[in-house]
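Working notes, structure below.
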Amino acid sequence: MRVVSLLCPQPIKTLNSIDLNQFDVSAVIVDLDGTMIDTLDDFCVALNRMLGDLPAPFASHQVDRATVAQLVGKGSEHLLKSVLTLVSNASLAIDSEAYDGSTAGNEADLPDRLYPQAWASYQRHYRAVNGQYARVFPGVEAGLVYLKARGLKLACLTNKPTAFARALLQAKGLDGFFDLTFGGDAFARKKPDPLPLLATCAALGSVPRRTLMIGDSSNDAQAARAAGCPVLLVTYGYNHGQPIRDVQADGYIDSLQRLIPA
Ligand SMILES: O=C(O)COP(=O)(O)O
Ligand SMILES: [Mg+2]
């Protein structure tokens with residue numbers, strides 16, 4: 001029996017084909033955004049509606065998929081702060097090009113000042129669009145069916161707020177696969193901290209070294225490594241806009257379908 005953990009001297013890195021027997025798993029924790037569901041368009045629509053609710057210079061700015069892909073994964077609060085800062089910096093740069101030296105300019109703290117209003121607006125818009133512009137990645141359902149058929153316990157662990165995660169899984173017909181779903185607000189700290197993984201393992205009744213994490217980013221991999229869970233990364237996700245193979249993992253798969261023996 002081979003157990004893959006932090007201490008494994010030779011991590012398995014099999015492109016596009018994974019034999020789950022090598023992991024001796026009793027449970028699997030699956031990330032949501034970028035791993036099971038492509039939610040970038042939901043984020044874009046909600047963020048752009050939120051920007052439209054704010055005063056100048058925010059109302060005249062929009063974000064696109066590529067920008068959101070770099071910012072998503074560390075929770076909604078982080079995403080929102082990053083977008084506000086990005087837009088504010090962009091407009092400050094434009095202002096300073098036209099700057100004639102006559103005003104001091106006190107717009108640097110605008111993101112902080114507008115955050116409470118932006119947060120309320122963003123949550124309202126995200127709740128309204130949640131799932132409408134999102135799609136389940138190919139192979140996800142087949143992979144989950146297989147994991148369930150193996151008798152494995154499944155948890156969804158995301159940095160998305162729990163209520164949004166549950167509603168999204170339900171809207172996409174994936175909720176029935178999961179024994180547990182935890183969001184970024186479920187624990188005191190979010191991924192990449194190991195706490196959410198350790199707490200999820202405990203809730204599943206599965207020890208970390210037998211609990212496989214499947215994710216799309218360095219957040220998932222770092223949290224899994226620190227918790228002592230083996231980790232597989234999907235190659236089609238977001239990973240903050242960085243190449244996924246630069247992130248250390250036990251394997252990389254281009255679809256959850258690769259979990260099924262050929
Ligand atoms: O940052 C988010 O909102 C969600 O990210 P995750 O599902 O990849 O954890
Ligand atoms: Mg993710």
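Just so you know, glycine gets a Cβ as well, placed from its N, Cα and C.
These numbers come from a predicted model, not from an experiment.
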One of D216, D246, D250, D254 listed by TrEMBL as binding Mg(2+) at the site of D31, D33: D216
C-alpha spacing of D31 (active site, nucleophile) relative to D216 (Mg(2+) binding site), in angstrom: 7
Additional residues around Mg(2+), ordered along the sequence, whose Cβ is within 8 Å of the centroid of D31, D33, D216: L32, G34, T35, M36, G73, T158, G215, S217, D220, V234, G237, Y238
Long-range Cβ environment of D33 (Mg(2+) binding site), under 8 Å and at least 6 residues apart: T39, V72, G73, T158, N159, K160, D216, Y238
Spatial neighbours, same chain, of D31 (active site, nucleophile) - Cβ under 8 Å, 6+ residues apart: C156, L157, T158, M213, I214, G215, D216, S217, D220
